[in-house]
Every structure is written in structure tokens, then in C-alpha cells.
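A.B. asks: Take a look at the following structure, please.
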Amino acid sequence: MANVAKKVSWSGRDRDEDEDGRAGETTPLLNGTGPGAAGGARQLTPSSFLRIGQLSNVDLNEDIHELQTELPRQRPNEIPHNEKLLSLKYESLDYDNSENQLFLEEERRINHAAFRTVEIKRWVICAMIGILTGLVACFIDIVVENLAGLKYRVVKDNIDKFTAKGGLSFSLLLWATLNASVVMVGSLIVAFIEPVAAGSGIPQIKCYLNGVKIPHVVRLKTLVIKVCGVILSVVGGLAVGKEGPMIHSGAVIAAGISQGRSTSLKRDFKIFEYFRRDTEKRDFVSAGAAAGVSAAFGAPVGGVLFSLEEGASFWNQFLTWRIFFASMISTFTLNSVLSVYHGNAWDLSSPGLINFGRFDSEKMGYTIQEIPIFIFMGVVGGILGALFNALNYWLTMFRIRYIHRPCLQVVEAMLVAAVTATVGFVMIYCSRDCQPIQGSSVAYPLQLFCADGEYNSMATAFFNTPEKSVVNLFHDPPGSYNPMTLGMFTLMYFFLACWTYGLTVSAGVFIPSLLIGAAWGRLFGISLSYLTKGSIWADPGKYALMGAAAQLGGIVRMTLSLTVIMMEATGNVTYGFPIMLVLMTAKIVGDYFVEGLYDMHIQLQSVPFLHWEAPVTSHSLTAREVMSTPVTCLRRIERVGTVVDILSDTSSNHNGFPVVESNPDTTQVAGLRGLILRSQLIVLLKHKVFVERANLSLVQRRLKLKDFRDAYPRFPPIQSIHVSQDERECMIDLSEFMNPSPYTVPQEASLPRVFKLFRALGLRHLVVVDNRNEVVGMVTRKDLARYRLGKEGLEELSLAQT
């Protein structure tokens, strides 16, 4: 296998992104020479192979990482990269409740009235998620509108002044400098403060809902950087949209509110304590993601379907209704606030950040003979989407290898901003496509070399925020654009958007995709109109809509949710069928070549992501072949020193320990009795829940479930807990705290069967037992995720401690 170095965080930076946010320089090469050497998955030593399911909080190994970052390290110029790797740095979340005695006692004490109270709290939290997500969307929209408006007015006045007396190069310099300066600030805060805020955040949220712990993904600091970053990216004129990051923002808001405290602010409001566990948090994050989509597009039903299709790996009927409620509240809040802001308080006409405007179905209906044309557009969208993804894949590989220092990432973002402004200026300068200003709705009409009373048509596409450009392409009357203008714009914007996605800035890919598709769709419509001698059905706006759907579907490969989002955003059900056809075709064609953009980026980060089903050819594998061995077991009554030593062993950071029945004075191991988590053991040690060996009959100190919830999600590292020499000799009884009924499988179970059980129940640990109920192995997320279907059949990925 190729030499492999450490992989970088989601932003592509070369930092050993520690789980507590501090970063070292680099990790030694994983080619068999460094301490983190990784061979094939089969060749790993048991100790490194069992780095399974680390604790679901991000500060677990804080002290260890601090020690590591102090070591002097060399910084390589190139990071060799192999995507056929599975990173051991990502941990799983505990979506399965530990039904120990404490949990069962609490549940039995809760009466019907208390259950009703908990249910009411869930609805209150969903309403708060909707309101806050809507307010964040309003803030982004208002700030972007004002700052972008100011920038475009300054540049427009400058261009108008220099067009008359010559010296337009000053205008170009001003535009490029303004763009680069704004983007520099946006990139600096992402690269140096919170790298996980880069991009749209959709792949990260998708992983979180799948059960993978992405460090810092739902922190308050991430939200602040995300919101500021996306404002600066859009104002900086990059080929980006502000809609994608709303999904991440909604998820962070949901995670924060549902816990009733902020770990970033170190404030505990002592509310919603019942929901302090991964299962509950996951459900609220699903609602937050849906509320984000709803606020972005004014599409509450689309938000629910997005959360179902792209996000949530686990779903139930009660959750659907609550998520829809959060989505509705979100779009209503945004609508109300923006309507007041625009001065028409009673006219709720701004349901989302982008409103595609009304499509009049009487003027723009479609006929049966247009169906094959729409399908053809879907094929084009699928091919262009696959090309976009393939180019972005190689670009991301290049970034991982060479542009891994934060300062380089900021320079690249500034370069892209300056190039975007330059390309826009040159295209506007060279364009001779002049349209009458009378009756047009252009926000910043540039006259340049056009006659009086006319404006430059290319400027409506480039000299505007991408959202407004999309609406213009949908609704401007026929004849507003020269075919050459649209063709050149499509070509340039395609490459600019591809280059921009993956920069260290907060930005989404939705709007650029729609804009590219709307441009070539409108061009397609103009061509049809020309071929059919101006037939009334060949309306360019209608084809712009279909092109936008085809292009976005070809890039992100969403079908169900995107159909509904497009229908809700246009306010027209008439186009439901053609949009669905276009999206299905684009997905089928695109999937033939490469994966969707989000799945591709998840794979590039080596995340142990579990798809809906096990690989189709994996029936020949059994649990015995995929499990991790040997397993570190604990006895039901264990010596404190033994527990401390096991937890302190950095070579095997296990997070789940099967509990077996045995006499403390003998070494003979009996059958499985339960499972206990690292987090639970740490809380027990912290509260000194143990007794001296001579007094085993004494009652241990009683703990409540609240003690465990108060420590969630950042349980203290074992190094911070002091255990004296005398205390090491004490005994600890795990009976009350372990889960006495963990899920188990026999070692003969097939991989698809194990996968289905693990995936459907959201497990973190699955114990493998023999016919005598003795523990023989443990299946974790990485054991299942490392098998995938490649071009040559079933592939087994290598594991790397990165």
C-alpha cells in the first residue's frame, strides 16, 4: 500500500486537529516508520486494531494531546494521501441507551404526568430551534444585503466615473481588492479559529446524524464563525451561496438549546437535563437541519424530507411531526421579520433566504412533447455534475497534499476572490450585449460602453449576489440575454464555482449550482425557441428552472427533498413532475460516473460512515472475521487499580468494556454479564464509588443518573482524576452501572446481518459471543465501515491512526 501521511480536518488543513481544538503541527508519516504506522487492516496488532469507539465527547484525551503537541515536529511540504483509508481519529456516538439499574429506576419513577411534561419540553425546544434558526437566517440576509449593496454601489460609481474619462483598470483594482480583503477576513477566522466551520457543513452534519463524532461540529463557537464566515464569503463576491451553511447553523442551534447549557460559555441553565444524551441530541439536530433548509428556501416540507433523505440515519413517526413543526416555525419567523424589515409588516412575502419568484403556470405550462427534452436536460445535468465533482475531487486531493498550512489556505481564498472579480470585470468589459433599461429590474445596472438608457446584460449575472442572478435568469423576459453572454457566463462560472468549493471559507454549493444550471438552461431554451421559430412553449425561464434543477441534482444527487424544495421555492406544483424526472435522470447519469459531492468529501476525510445497507457481496464474511480481538474485559467486582490502568493505556483507547462474572481471587473468566462504557467508569472514579477489599459488604456511595448527565458530553480525561495508592487497592462493583443486556451476536453471524443490527439500532459496540456466551470479540463502527464495494468487488480499507 502507498505511504500514507496524516489526513487533515474538514477544512483540509495540516493540523493534528485534536479533539479539544488545540492543534499540533503534523503527525509522523504512517508508512511503518512513525509511531502511528498503519498497515492493512488485517495486519494491525491487536492493541492498535482495538482503538474502537472512543468516547463521544471531544475533550477525552485533552492531556495526552497537550503532551503530544509539545514535541518538536517537522512540517512536510507534501502530504501523501490515499483515499482508501479509514481514520481511527473519528469516534462514534452512543445512540443506544445504557439500560442499567439507575436508568431503569429513573424511568419507573416517572409517572404519566412527568412523561407529558417531557413531551411538552420536546415541542418547546423544537419551537425555540425554529425561532432562533429563522432569526439567524434574517441576520445573515440583512447584513449580506446591506454590505453587498454598499460594495456594488461603490464599484458601480467608480466604473461609471472612469468609463467617461478612461482608466478602468483602477475600477478593476478596486473591485478585486475589495473582494480579496473581505474574503481574507472570512478565511482567517475559519482557518485559525474554527476549521470545522469551512464549507457548507452538510457532510459534517450528515456524519453526525449517522453516528460519527466530528470534533467541534455543534459548538457555539462554530456557529459564530459559520455565520460571520458565510456573510463575508458572499459579500466578498465568491461563487458561493448562503443557503447550505444554514443547515449547519440550524443543527448547532438545536444541539445547544436541547442541552440547556453552553460548554463554550461554561454556563449551565439547569434546564432540559433529561435530554443530555446522544439519542435525544441527535433527534433535535435532525430538527435543526430541517429548520435550516426551511429558512434557506422557504420550504418546510422540503426541510423535513432533506433531514430524512440526507441526514437522519434513524427515524420515527413522532420525530417527523416535531421536525415539521420546527421547520414551519423557522420559515414563519424569517418571513415575519423580513416583512417588517422591508416595511410591509402584514404582507408575508419572504418565506426563505432565496425566493425563486412565482412561475405563472398559464403562461409557462408544459406539454407532453417537452418530457423527452426535460429528460435530455437531466442527462446533461448529470454529466456536468459528474464533471464538476471529478474536478473538485482532484482539486481537494491537491489541497490536502500541498495547501495544508492555514496561511496558504487564506492566500488561496484571497486569490480565488481576486480572480473571480477579475473574470467578472473582463467578461463585462468585453461584452457588447446591451439591453434597454426601461422596465428591467436590474439592481445595479452598469452602462459601460452601452448607449444611454441601456445597460450591460453580462453585468446582471456577474455584478450581483448569486441569489439575485438566479432569480433574474428565471424571470427576465425573453430577449434579455444574448446566447453568447449565457454561454461564456456558464463556462466561466462553472470553473469558478468548482475552484471555490473546498476553500477554507464558510460557503454553500446550492446557489452556484442553481446559477450554472439556470444559465445553460436559459441558453437551451433560447436555442429551442430559435429552432422552433419562436414557439410560445419554448419559454427560456421555464428551461432555466429545469437546467437549475438538473445541475444541482447532478452535483449533490438529492432527489425527493430537492423536488419538493424546488416546488415550494417556485410556489408551483405544476412543475413537480418534470422537476422529478430531471432530478432522477441527473442522479442516475451522475452516479454512473462518480459519487455525489457530499459523499465524496466524506470519503476523502476517511470517515467511518455507514450506508443504509452492507455491501451486496459481503455475505461470505462472518462476525468472526470482522470483529476486533482480543477484547479487554472487566470483572463485575474489579480492583480500582486495574480499571485505572486499563483507562490510562494510550495504546488501546477502548470505550466499551464487556463485564464478565468471575471471582476476584481467581483468573478464570465466565460468561458475559453486561457492558460498561469508559465515560461511566470515569464518572465512578471521579466520585470515588468504591470500597476497601475487606469491606465488600459495605454499601458503595449512591450515584444518580444526574451525575452522569452533568459530565456529558465532555467527560474529564483519566489523567485528571487522582487515585491514591491506597485507593488503587479498593474494589469497585459495576453491577449497578453496567448495561446488563447489551446486544450480542454469535460469531457465525454474516456481515450483512451484523451490519443491519448495528446500523438500525445505532449501536457503538456489538459484543460477539460463542455458544457458551463467552466474549470472543467486539464489533465497532470501523470494523463494518472498512468493507465497501469497489470497482473490482469487495474492498477492505486500511486503518490509520490519524
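Every residue gets a Cβ built from N, Cα and C, even glycine.
Sharing the record's features from TrEMBL:
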| type | residues | note |
| --- | --- | --- |
| REGION | 1-40 | region 'Disordered' |
| TRANSMEM | 123-144 | transmembrane segment |
| TRANSMEM | 172-193 | transmembrane segment |
| TRANSMEM | 223-240 | transmembrane segment |
| TRANSMEM | 284-306 | transmembrane segment |
| TRANSMEM | 318-341 | transmembrane segment |
| TRANSMEM | 371-391 | transmembrane segment |
| TRANSMEM | 411-430 | transmembrane segment |
| TRANSMEM | 484-503 | transmembrane segment |
| TRANSMEM | 509-531 | transmembrane segment |
| TRANSMEM | 543-567 | transmembrane segment |
| TRANSMEM | 573-594 | transmembrane segment |
| DOMAIN | 738-796 | domain 'CBS' |
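In terms of burial and nearby residues, how do these features look in this structure?
C.D. replies: Within its own chain, the transmembrane segment (284-306) is flanked in space by residues 125-126, 129-130, 133-134, 136-137, 205, 208-209, 218, 242-244, 246-255, 257-258, 275, 312, 319-320, 322-324, 326-331, 333-335, 350-355, 510, 558, 560-562, 564-565, 567-569, which lie at least six positions past its ends and keep a Cβ under 8 Å from the stretch.
If you look at the transmembrane segment (318-341), the same-chain residues 6 or more away from its ends with a CB under 8 A from one of its CBs are 122-123, 126-127, 129-131, 133-135, 137-138, 141-142, 250, 254, 283, 286-288, 290-295, 298-301, 303-304, 307-308, 312, 347-353.
The list of residues near the transmembrane segment (484-503) in space but at least 6 beyond its ends in sequence, with Cβ under 8 angstroms from a Cβ of it, reads 12, 187, 198-199, 238-240, 384, 388, 391-392, 395-396, 399, 409, 412-413, 416, 419-420, 423, 427, 431, 433, 457-458, 461-462, 509, 512-513, 515-516, 519-520, 522-523, 526, 597, 601.
The list of residues near the transmembrane segment (573-594) in space but at least 6 beyond its ends in sequence, with Cβ under 8 angstroms from a Cβ of it, reads 359, 361, 365-366, 370-371, 374-375, 377-379, 381-383, 385-386, 389-390, 393, 542, 545-546, 549-551, 553-555, 557-559, 562-563, 566-567, 600.
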A.B. asks: In terms of Cβ proximity under 8 Å, which residues at least six beyond the ends of the transmembrane segment (371-391) contact it?
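C.D. replies: Here the qualifying positions are 494-495, 497-498, 513, 516-517, 520-521, 524, 528, 543, 546-547, 549-555, 557, 578, 581-590, 592-597, 600.
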A.B. asks: Is the transmembrane segment (223-240) close to the transmembrane segment (509-531), in the sense of at least 3 CB pairs under 8 angstroms with a sequence gap of 6 or more?
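C.D. replies: With 3 or more qualifying Cβ pairs, these stretches touch.
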A.B. asks: Going along the chain, which residues at least six beyond the ends of the transmembrane segment (223-240) come within the CB cut-off of under 8 Å?
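C.D. replies: 136, 139-140, 143-144, 147-148, 151, 175, 178-180, 182-183, 185-186, 189-190, 193-194, 197-198, 201, 248-249, 252-253, 256, 416-417, 420-421, 424, 465-466, 493, 496-497, 499-501, 503, 505-509, 511-512, 515.
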A.B. asks: Report, as numbers and ranges, every residue of the chain located at least six residues beyond the transmembrane segment (172-193) whose Cβ falls under 8 Å of a Cβ in that stretch; write 'none' if there are none.
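C.D. replies: Non-local partners: 11, 13, 151, 154-155, 158, 221, 225, 228-229, 231-233, 235-238, 406-407, 409-410, 413-418, 420-422, 424-425, 503-506.
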A.B. asks: From the DSSP assignment alone, can you count helix, strand and coil residues within the domain 'CBS' (738-796)?
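C.D. replies: Taking the domain 'CBS' (738-796) as a whole: 16 helix, 22 strand, 21 coil.
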